[in-house]
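Note sheet for the following structure.
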Amino acid sequence: MTPRKKLKGLVAATITPMTPDGKINLPVIRQYVDYLVNEQNVKNVFVNGTTGEGLSLSIQERKQLAEEWMCQGKDKLDHVIIHVGALNLPECQELARHAAAIGAGGIAVIAPFFFKPTNKDELVAFLQKVASEAPEVPFYYYHIPPLTGVKIRVEELLDGIKAQIPTFQGVKFSDTDLLDLAQCINKNETGEFEFLYGVDEQLLGALAVGANGAVGSTYNYLGQQTNLMLQAFAKPDFALAQQYQFLIGEFLNFVIKLGFGVAQTKAIMTFVSGIPMGPPRLPLVDASGEFIVKAKAKLDSIVWPHGN
């Protein structure tokens, strides 16, 4: 495999823009890329994941989105990771081959969640069959047990995984089990693997146990503030880093109480960025007007440190 720049820092879990009639709105991706880079200082993306409604899209739509992000991100983005997980192996493999063909910087796969793997060996066998279709592309396991119901601990998964999946690069760790994450990082003595945390409101805790970076939906519209939290943590200025995490958490706590998911994320991104993200795809339904008014007022009321 050719040498690559290590993935660290923030990775935006991209939203899939849609037209009012529910079709993919590809033309706005160019504006979306420029917004992330210029306004949020976020230069890595994770395409077709949970925030991107990947499992609600057709295979063809997922390919079109991957191609557009690769095209528009050329010479602007550092890493484009394509999520290629699906409920069946052939589709995962097809998407993995496509991601490799278009030059993706990495691929990621969730555990299948209808017929589920029940132990480490079953899960690794599935992941290996996908990774082998893109033998030159860094491979990430997307660990998100709250949605998949697959609770196999990542610490256990790591044992011997490189021998079975030579392209294994790391984990998108979207779980609140910081003990599991810490044990993974403790095992990663050589630093060969990347652990990217996926629960935005707990990022500071993950950084404290050694996470390399983060993949999340809030980095679409709070990337600038979260980058300042990362800088404060690195100084180290833990008090300032806490301020940022507490304020980000205050906003998320507020919207979670209103009912917060992909549809609401699309609405927030639309009013923050000015880029029309459109409605979600059924069975998800649009955010209410009341949600939008309250979320915008709350975000506008937050006073960030140093006035940023």
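Cβ atoms are placed via backbone N, Cα and C, with glycine included.
Database features, via TrEMBL:
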- THR51, VAL215: pyruvate binding site (BINDING)
- TYR142: active site, proton donor/acceptor (ACT_SITE)
- LYS172: active site, schiff-base intermediate with substrate (ACT_SITE)
Those recorded positions listed as THR51, LYS172, and which of them has the most Cβ atoms within 10 Å of its own Cβ = LYS172
For the residue listed as 'active site, proton donor/acceptor', identify the closest of the recorded positions THR51, LYS172, VAL215, judging by Cα separation.
-> LYS172
Among all the protein chains here, how many other CB atoms are within 10 A of the CB of VAL215 (pyruvate binding site)?
-> 28
Inter-residue C-alpha distance, VAL215 (pyruvate binding site) and the residue listed as 'active site, schiff-base intermediate with substrate' (nearest angstrom) | 7
Can you count the other CB atoms that lie within 10 A of the CB of TYR142 (active site, proton donor/acceptor)?
-> 26
